[in-house]
Amino acid sequence: MPALSSTMKEGKLSEWLTSEGSPISSGDSIATIESDKADMDLEAFADGTLLKILVEEGETAKVGEPIAVILEEGEEEVELMKLIEGGGGTEPVVETQEPASSSSPPPVSASTEPQTPHTKVYMPALSSTMTSGKVVSWEVDESGTVGSGEPLLTVESDKADMEVEHLGDDGFLARICVEEGASCDVGEVVAVIVENEEDVAKWDGWMPGASVSAPSPSPASPAASKPAAAAKAPSASSPAPSGGRVIASPLAKKVAKDKNIDLSQVTGTGPEGRITVSDVEGFTAGSPPKKKSDTPPVSSWKPANGVVAATPMARALAKKSKIDLSTISGTGQFGRVTEADVKSALGESPKKKKVLPGVPAVELPSGFVKYSGMQSAVSTNMEATLTVPIFRVSSTIEMNSFNKLYASVKPNGVTLTVLISKAVSIAIQKHPIMNSRHDSNGGIYYNSDINIANAVALDGGLITPVMKNTNEKSLEELGEEWRDLVSKAREGKLKPDEFNSGTFAITNLGMFGVTAFDAILPPNTGTILALGATTEVIRPCEECVGGMRKVKEMTVTVTCDHRPIYGSDAAIFLKTLKEVMENPEKWGVK
Amino acid sequence: MKIFSYLLVLQQVYCFAPIALTRRHCSQLNAEYDFDVAIIGCGVGGHGAALHARGQGLKTAVFSGRDVGGTCVNRGCVPSKALLAASGRVRDMKDASHLESLGINVEGEVTYDRQAVADHAKNLANTVKGNLENSLIGLDVSVIEGRGILAGPNKIKDDQSGKIYTAKNIILAPGSIPFVPPGVTVDEKTVYTSDGALNLDFVPEWVAIIGSGYIGLEFSDVYTALGSEVTFIEALPMLMPTFDREIAKQAERMLIRPRAIDYRLGVFASEVTPGEQGKKPCTIKMIDANTKEHVETIEVDAVMVATGRVPNTKDMGLESMNIETNRGFVAVDEKMRVKTSADGEVIDNLYCIGDANGVMMLAHAASAQGISAVENICGREHVVNHEAVPAACFTHPEIAMVGLTEEQAVERAEKEGWTLGKSQGNFRANSKALAEGEGAGIAKVLFNKETEKIVGVHIIGIHAADLIQECANAVEQGTTVRELSMMVHTHPTLCEVLDEAFKGAVGMSSH
């Protein structure tokens with residue numbers, strides 16, 4: 001963070017003008033800094049690549065603190081990343097690192113891209129609506145020779161099968177990344193062609209996306225756009241829906257060509273559906289299928305070869321969001337892709353919602369957001385539970401005595417979670433089946449330890465820290481263990497053993513006032529216990545004055561795997577749990 | 001785009017000669033000539049000269065060439081201000097977050113009527129033109145409708161009637177026309193110069209502007225406010241090449257980056273083919289400015305050609321006086337007297353002012369030159385100090401300047417052996433600017449540290465065009481930054497941005 005004035009102590013990063021991974025040349029403005037007096041652009045004074053942004057937009061940094069790391073040419077990214085992660089926070093601003101010692105050999109693994117002269121072949125967009133393509137057949141075998149202009153593979157798009165030609169120099173097909181019959185998204189690498197035959201072997205086993213800097217399908221990579229653009233030209237004249245041939249009279253073809261009409265869009269009325277001149281003329285004069293009604297008639301204009309039909313803002317947004325413009329159909333003038341088209345392709349609503357007068361606008365999140373690692377794990381685990389046959393049993397537990405016990409042990413750092421976990425483990429000791437799980441070898445797997453997993457909601461995720469051997473530990477010990485687990489969970493520092501070793505799970509939504517609910521069984525667990533809120537109710541009571549009394553109650557529900565555990569097991573377990581929780585004086589703790 | 005080319009003027013120039021309390025008229029009429037002064041061209045320059053000539057009691061004629069008001073009034077500064085005023089309001093009212101910060105909510109969509117905006121520009125031009133013509137008639141200037149053509153010493157032919165008029169002094173003020181580079185076909189409908197752009201026949205979804213000077217920049221402001229996306233095509237490797245570099249950078253941050261604008265630098269639009277609105281886009285082929293290799297072709301809805309202006313001096317009889325032009329520009333001395341060529345002889349009683357001499361292609365510079373020419377006609381030697389002529393670009397926010405750019409000043413200081421000082425005022429620190437929610441911008445004062453005189457001022461920020469005058473006056477009068485720092489500036493006004501810079505120049509703090 002530079003000092004932009006003599007009085008400046010800290011600066012706010014108002015805008016990054018480049019993004020991580022972007023190349024930078026000396027003198028480029030890379031960020032806008034807001035000082036106490038003015039906004040100023042920060043210029044890079046070295047060529048390289050912006051490796052890591054350390055201060056995000058809107059954040060503030062003290063003068064002299066590093067705000068980003070630039071990777072100079074020849075530097076080892078890995079080395080520098082280590083440095084950043086190791087907390088290189090005292091380094092100067094736009095710091096540069098001398099090239100790492102050249103003695104260390106380049107790591108050889110499947111994830112590294114062999115440094116040989118090569119061309120990557122990308123899945124081309126064969127039509128404006130095509131987003132993915134299937135490789136029908138490879139016309140050349142791996143390690144075979146490929147000549148410029150020769151057919152390389154046949155691709156099945158949403159509309160037709162088409163041959164894709166090799167456009168680069170002659171070479172050897174080193175690696176087929178997408179096998180026959182397999183599909184991939186437009187812009188993904190389908191093959192690698194090398195210049196020299198001896199390099200073919202080096203690409204053996206290489207897969208795109210595995211390398212540290214994955215080849216992006218963005219239009220920034222020139223090779224990606226080349227096949228797409230080239231493949232488009234033939235598509236204008238030859239393909240027809242559902243793989244058929246376009247049949248048109250010669251004059252119709254000529255008129256269509258003159259008027260830049262895509263014959264595949266024209267419906268033929270001649271013999272056997274042949275397209276006649278009048279069909280083509282009717283298409284021009286009358287009604288091409290319109291995509292949008294609120295713009296002036298979009299002519300059937302087809303952009304010239306090599307012209308990217310997209311407005312400046314559409315281009316900028318597409319580049320930023322790494323989306324291939326050729327996959328987006330345009331609704332602008334002359335079929336041009338507009339910013340709104342890109343936004344809708346990205347799943348964002350193009351326009352701001354109309355707001356009722358006097359009601360403050362609420363910005364609702366919209367569109368696709370990729371799962372975080374933790375969310376992906378939850379998603380996978382949840383899907384896996386669909387194959388597990390489950391049942392649920394509920395019971396209501398009177399909490400008056402339990403709450404008294406809780407009040408007495410709370411000062412010792414014992415939380416409700418800990419206390420309930422303890423009660424559950426006492427009940428489990430009497431019904432070990434509840435602590436078992438299904439084993440795929442066709443049997444019950446009994447756990448000798450009672451490890452209670454409690455679900456904890458995190459910002460954007462969920463995790464289940466595990467208190468181990470709860471039956472053998474004192475409440476105070478458990479209290480300390482749980483505190484430790486929770487703080488680790490919040491920092492994301494739980495070890496796998498600390499969140500996946502549970503033998504019995506508990507989840508609690510009572511604090512939100514939920515009266516009762518049931519939970520989904522986590523993998524490798526036989527039972528999960530769901531706790532509702534404690535509520536006050538009036539119950540009949542013959543001995544009581546007035547014939548009723550006020551009690552505190554909590555509804556609990558167990559979800560069990562019906563393969564090892566049966567309904568009666570669960571019912572008896574709940575009965576025991578009820579007894580344990582309603583009579584805490586019998587626990588042996590104070 | 002070429003805007004300035006400074007005459008090498010004397011460092012200490014003449015200001016107006018000491019004014020005699022009873023300034024004598026300099027009527028020179030004798031029976032020999034029809035007029036004392038005949039002016040060819042009725043733009044802002046010719047008009048200024050005519051008014052001053054009548055003020056001196058000279059019998060004056062103006063050949064209007066059916067274009068009273070000239071480029072500025074009819075096809076330039078004036079109607080473009082109308083478009084900027086309308087589109088600027090549209091921009092303001094669409095800027096919900098800015099309005100919200102002032103506590104204002106605009107409910108529903110802000111819309112505009114394109115034709116009504118275009119009409120506003122047209123009506124404004126007509127009003128100003130009418131006022132201008134009336135002032136000439138009111139002052140008893142003979143307005144001759146035809147175009148004036150030089151027909152030898154003291155002789156002008158009216159191309160409409162064929163009649164030859166005689167005048168003791170002739171002032172050439174024919175102005176300029178837009179420059180269209182080779183390869184560019186202008187149809188004034190989809191490919192147009194500023195002439196056609198001012199009609200605002202339609203609001204294109206995507207417009208390319210060739211040239212990123214004043215005119216291109218102002219139109220990008222209009223277009224983006226009305227919802228168009230803009231692509232600048234600039235032959236030089238930087239945007240706004242004629243601007244002070246620091247100001248250009250600020251302008252890029254305020255006027256280019258946050259808007260729907262992208263650009264190509266270092267490329268020529270080698271071939272521009274008009275389209276047909278709604279049927280066929282315009283095609284622009286671009287080649288690299290150095291290698292001349294094709295780099296890109298784009299298809300846009302409209303193309304505006306803003307690559308500068310060339311003198312309108314063709315077919316005006318210059319050869320009858322053996323005058324050689326340089327690409328159409330008429331060479332003049334510092335008193336605006338025409339020379340036969342750049343290093344040729346001065347021709348007596350023949351003057352050339354405004355865009356046609358290329359000294360400084362600005363309306364108010366032309367007017368100042370016209371007044372100066374009349375002073376010289378009256379025998380009072382006068383030279384315009386072009387370094388004291390301010391200029392402005394009416395974007396939102398505005399850009400204004402007077403004197404040298406920092407790059408020129410550094411060079412000048414080194415050459416002449418003085419130390420360049422620089423002081424800056426910030427809109428961010430100004431109460432009035434903050435009240436408007438318009439804290440972006442700077443005012444930069446460049447001065448000679450030894451003499452403390454100002455050599456250049458550059459302002460970008462709200463109302464910069466109205467702020468520059470104080471600096472222009474200071475340059476003209478040779479007022480020092482020390483004197484300026486002691487002059488009281490109204491609080492709270494935007495002028496305090498300059499106050500901050502003046503005070504900073506002499507080590508004082510303003511707040």
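Just so you know, glycine gets a Cβ as well, placed from its N, Cα and C.
Bear in mind that the values here come from a model prediction, so they are computed numbers and not experimental data.
Taken verbatim from TrEMBL:
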ACT_SITE  B:HIS491  active site, proton acceptor
BINDING   B:LYS81, B:GLY148, B:ASP355, B:MET361, B:LEU362, B:ALA363, B:HIS364  FAD binding site
BINDING   B:GLY211, B:SER212, B:GLY213, B:TYR214, B:ILE215, B:GLY216, B:LEU217, B:GLU218, B:GLU234, B:GLY308  NAD(+) binding site
DISULFID  B:CYS72-B:CYS77  disulfide bond
DOMAIN    B:35-370  domain 'FAD/NAD(P)-binding'
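Of all the recorded positions given, namely B:LYS81, B:HIS364, B:HIS491, the one with the smallest number of surrounding CB atoms inside 10 A is B:HIS491. The two recorded residues B:GLY213 (NAD(+) binding site) and B:CYS77 (disulfide bond) have their Cα atoms spaced 14 Å from each other. In this structure, the binding-site residues B:GLY148, B:GLY211, B:GLY213 were compared by how many other Cβ atoms lie within 10 Å of their Cβ, and the smallest count belongs to B:GLY213.
Rounded to the nearest whole angstrom, the C-alpha distance between B:ALA363 (FAD binding site) and B:CYS72 (disulfide bond) is 7.
The CA atom of B:LYS81 (FAD binding site) is located 28 Å away from the CA atom of B:HIS491 (active site, proton acceptor). Of all the recorded positions given, namely B:CYS77, B:LEU362, B:HIS491, those whose Cα is no farther than the 10 Å limit from the Cα of B:ILE215 (NAD(+) binding site) are B:CYS77.
Sequence-distant contacts of B:LEU217 (NAD(+) binding site), defined by Cβ-Cβ distance under 8 angstroms and a gap of at least six in the same chain, are B:MET240, B:ALA251, B:LEU255, B:CYS393, B:THR395, B:ILE399. Among the recorded positions B:CYS72, B:CYS77, B:GLY211, B:HIS491, the residue whose Cα lies closest in space to that of B:GLY148 (FAD binding site) is B:CYS72. Candidates B:GLY211, B:GLU234, B:ASP355, B:MET361, B:LEU362, B:HIS491 (recorded positions) were compared with B:CYS72 (disulfide bond); those inside 10 Å Cα-Cα are B:LEU362. Counting other Cβ atoms within 10 Å of each Cβ, the recorded positions B:CYS77, B:ILE215, B:MET361, B:LEU362 show the lowest value at B:CYS77. Burial estimate for the binding-site residues (B:GLU234, B:ASP355): highest at B:ASP355, by number of other CB atoms within 10 Å. In space, B:CYS77 is the closest of the recorded positions B:CYS77, B:GLY211, B:HIS491 to B:LEU362 (FAD binding site), judged by Cα positions.
Cβ-based neighbour count (10 Å, all protein chains) for B:CYS72 (disulfide bond) stands at 26. A gap of 11 Å separates the Cα atoms of B:CYS77 (disulfide bond) and B:HIS364 (FAD binding site).
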